[in-house]
Amino acid sequence: MSELLVGTRLLFGSGRGNRVRFALMAIGGSIGVCCLAIVLTIPGILAAQDGRVAARQPVIPRNLSAAEGSALPLSLERSDPYGSRPLTRIFMARGTRQIQPPPGLKAVPARGEVFVSPRLHELLHAEPGLAQRLPGRETGLIGAEGLARPEELVAYVGMSRGDLPDGTPFSGFGEKWAPTATVEPSTLDILRFTMAGIVLLPLAVFLSVCARLSAAERARRLAALRLLGMSAKQVQRVNAVETVAAAGAGALLGLGEYWVLNRVMSRVGLPEFTWYSSDGALSSSTLLACLVGCPTLAWFVGRASARRAAVNPLAVRRTAIERRPSAWGFFPLVAGSGIVAGYCLAGATGHAPRDTGLSSLLVPSAVVLIGVGLVTTLPTTCRHIARRVARSTHSVALGLAMRRNEAEPGGALRVAAGLVVLVFAASLAQGVLIELAQVTKNTSPVQDYDMRYTQLTTAQRHSLEQLPGVRAHVVIMDSTLAGASETAWSPRVVLATCAQLRNIVSWVGECVDRQPLRLWDAKLAQDAPVAPGKKLLLQTGGGHRDVAISAPERTVRYREFDDALILGSQSILAPPSELPPQARPDSAMLKLISASDPDTVRKVLDGIGHVAPTIDVIPQGLNVTALQQIAVVKTLLALGMVLGAVIGVAAYVVAATDRAVERRPQVTALALLGARPRTLRAVQVTQVVLPLSVGLLLAVVLGKMAESSYLVTGGGTVFWDGTGLPLLVVGTLGVVAVAALGSLPLVGRRIDPELIRRD
Amino acid sequence: MFEVLTAQGIHLSYGSSQAVKGAGIVLRRGEIAAVTGASGSGKSSLLYCLAGVLPVSQGEVRFEGRVLGDLDDGELSSLRRDRFGFVFQYGELLPELTVEENAALPLRLAGQRKAQAFAAARDVLGRLGLADLRDRRPSQVSGGQNQRIAVARALVHQPAVVFADEPTGSLDSVNAEAVLEEFLTLARSQQSAVVLVTHDADVAARADTRYTMVDGVLALQGRSAR
């Protein structure tokens, strides 16, 4: 109890300077708590969004009789890309049985009625062509309870039952799970882990920095208490009372900041990620983590930071130099870097591990070990380097700065750790993005759209083939080998002219029309060729006789565009006339080809929507759901980076300022002894730049190794990200430059002798 | 004797309160001048005015004929570095530097090579009986030894004037006596003038010239026959 009283007395009764320090600690802590609240709330926001998507899913009854089926309304959902975002169109046809309307609507839309989300409403005004995908007239807007997020593109389109032959009867709305999560659970785990690395590690450093503000001055005060008769534990508790009070005030303030931020940002939104402010409401677990977790952490930090004053008060009173940091600090770094080095080696030698079970444990452990190790080794590494440089240098400024870093490695750690951990996490975030990008993007210069041939009328087919932006069209269908079993492999048949072929691929050799040719691309994996002369049967459906063609001997060489697989080597190119005009082959797909730039893709999809609104279009290589996910993940990672940067910079500013303030008597003495201002500035910059540079160098090297390990174990084909390296290096150099420049104002221009006259 | 530092009618104000009111002083080469006065009388403010650290609001301070108020920041820094020395009440040694590095600091700041500066520092430290401590840190030596190191730092570059602000204020009487003796002996041997601010009459009694300061007003108290 007495410790509490003394701590409180010291907190509020130690003059203006102490109150300012308390305010700084509380404000610093509040920034950290606000960032923590953001990170902890993100899964809740995603869950709320998925919950609303699940709530609008039609419930499809099982074992439905024909009579029941005809009484129930029908629904058909189509999701196709609008740029990189999915446009969800839910077609509905009323039945005789009345059901509850979907969330966000007052009634199931009648034929010709279109209800759209607010964002889609805006887009329809901006781009009237988009209306082609929504047959009917816009009748109203979908309410927030029917949308995952404010920016979602959703439309309910009322149709007649006859217009929805593929529609499914449903009895109501509300499933347990959304068909696709906003962010896949596995991706969410990676995201959480990365966010923890980007935000929570710097946050822990930052809170420690805040809790140790004015460390030297406080240590002297605590040492005095110890010398006056307080026990070591009592002294530690007195200090902890101060830090807990500041952390508690910071937590309350931080939650308030979060509340305001949530309100503002939910209106403004982030690129590709918007949410309703109610989704971002603080959960009880988040409140608990912030209000209890942070002060608890502060308690331990407060106790730990008072340890030296409690154990050796005399040394503190006499401003003894810090003890040499323990070599044990290297252990996590060595262990973690050993693991990632092993994975890097495995990847480089082509022995990427197939067993993901062990890797899923080892790689994250290594990442955490390295993150912690970067922080714990920084004092020892910096002290060692500083000592050597101080001995060998002839520069006064460098010598003074190095002696300072040698004598106070903990100060160097506090200044640099936040930014170092941030840069380490940034390289990991790059890895996550690379891993995700491998599965989502169409990197080919051409985009193809597959539609089932049988779902289109002849008129629709012709219209689609003439759409603006479509550069070629082909029909691709399966064949069977005459006399072989149905499961035996046989080549696909591409019904196209040579001219069409030339529009589909990047290069075509000698091509002859009106006869079957064997397609051959040397760069592609080859299926086993069918012997020339073998009879291939094309099932034409619609009551027509099967068409037979002979496997040709003659080959046409061609080359697919990079990253595209439209035709497939060893397919048979056959004249379009082989297919009778009224044929309805089940296996046939109409494939349209356009350029892959977003505008053209959008225009073609709009056109398809106009011609055949309910057709199921498969844009090959364009995984719009994944694209949406990666957009969200990118935004969240970017948010994490921004938060990490805010925390890292705040930690740097607070620690560097604190260090400068504590250093003022010595700097004043130096100035009085005639040190030039530029010498003082050089000392200030150098003593900041050294630990930062050492830490950042380690962070970049180990970060890239950790990223590579992640890629090696991620199942992708890219193990090394060379393209992200320049950005990381430039960013790192930028951090050093900004930190160096930022430290300059900390050297005061005016000499105030009062600073050295008072203890 | 050659006048190194003169001040005429100097005033210094902190807001509405006047710390120094029309003070005048003449300091000759090798002269030890002591300023005594109660705490808050303005004697430290006067000291820093004389050193050109605090700009005077009226009057002028001249060092070797140059008016300090006319010098820019670089010139003043240069003056403090090359021609002045300082001893502070609490030493203000840099805790991260060794004793030798602390003592050599003014020479290093003045651009002298490391080896030469350290040799000069070793010489002064030896004269003050600190040769064995040169590789230690300030935290590893006693308070009296720390203050001797501060004296060594103030005199290592053989300044024209040493400004000493309560140089023995943090020491016990035995240590204070010893440090003061060594300080003044060394200063005299180098012909360095000393401005000594103290509240201790016994310390002031060791000076050639004694001034008193009461509420910002400086008065000559007396000169010794030395």
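Just so it is clear, glycine is given a Cβ too, placed from its N, Cα and C backbone atoms.
Residues in the domain 'ABC3 transporter permease C-terminal' (A:194-308) partition by DSSP class (helix H, G, I; strand E, B; coil) as 92 helix, 2 strand, 21 coil. Look at TrEMBL and you will find A:194-308 tagged as domain 'ABC3 transporter permease C-terminal'.
Taken from TrEMBL, the feature transmembrane segment covers A:20-46 (among others). Long-range contacts of the transmembrane segment (A:20-46) within the same chain, counting only residues at least 6 positions beyond its ends with a Cβ under 8 Å from a Cβ of the stretch, are 11, 181-183, 188, 192, 195-196, 199-200, 203, 206-207, 209-211, 213-214, 242-243, 245-247, 249-258, 261-262, 275, 279-283, 285-286, 289-290, 293-294, 298, 632, 636, 639-640, 643, 646-647, 650, 654.
Taken from TrEMBL, the feature transmembrane segment covers A:190-211 (among others). Long-range neighbours of the transmembrane segment (A:190-211) within the same chain, counting only residues 6 or more positions beyond its ends whose Cβ lies under 8 Å from a Cβ of the stretch, are 24-25, 28-29, 31-32, 35-36, 38-39, 42-43, 183, 243, 246-247, 250, 294, 297-298, 301-302, 305, 364, 367, 371, 375, 414, 417-419, 421-422, 424-426, 428-429, 432, 435, 633, 636-637, 640-641, 643-644, 647-648, 650-651, 654-655, 658.
What TrEMBL lists as transmembrane segment is A:240-261 (among others).
As annotated by TrEMBL, transmembrane segment applies to A:281-301 (among others). Beyond the transmembrane segment (A:281-301), the same-chain residues lying 6 or more positions past its ends with a Cβ under 8 Å from any Cβ of the stretch are 29, 32-33, 36-37, 40-41, 44, 204, 207-208, 211-212, 240, 243-244, 246-248, 250-252, 254-255, 258-259, 262.
According to TrEMBL, the transmembrane segment annotation covers A:327-349 (among others).
Long-range contacts of the transmembrane segment (A:361-382) within the same chain: residues 193, 197, 201, 205, 325-337, 339-340, 343, 405, 409-410, 412-413, 416-417, 420-421, 424-425, 428, 690-691, 694-695, 698-699, 702, 706, 709-710, 713, each at least 6 residues beyond the stretch ends and with a Cβ under 8 Å from a Cβ of the stretch. Annotation source TrEMBL lists transmembrane segment at A:361-382 (among others).
TrEMBL lists A:412-434 (among others) with the feature transmembrane segment.
The transmembrane segment annotation in TrEMBL covers A:636-655 (among others).
Sequence annotations record features per position, and here TrEMBL assigns transmembrane segment to A:688-706 (among others). Listed by sequence, the residues of this chain that lie at least six past the ends of the transmembrane segment (A:688-706) yet keep a Cβ under 8 A from its Cβ atoms are 333, 336-337, 340-341, 344, 363, 366-367, 370, 374, 377-378, 381-382, 385-386, 389, 401-402, 405, 412-413, 415-417, 419-421, 423-428, 431, 656, 721, 725, 728-729, 732, 735-736, 739-740, 743.
What TrEMBL lists as transmembrane segment is A:726-748 (among others).
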**Q.** Recorded stretch, among A:240-261, A:327-349, A:636-655, A:726-748, maximising Cβ pairs under 8 Å relative to the transmembrane segment (A:412-434)
**A.** A:636-655
Q.
Same chain only, please: residues at least 6 beyond the ends of the transmembrane segment (A:240-261) with a C-beta under 8 Å from a C-beta of the stretch. Say none if there are none.
A. 3-4, 6-8, 10-11, 22, 25-34, 36-38, 41, 207, 210-211, 218, 282, 287, 290-291, 294-295, 297-303, 305-306
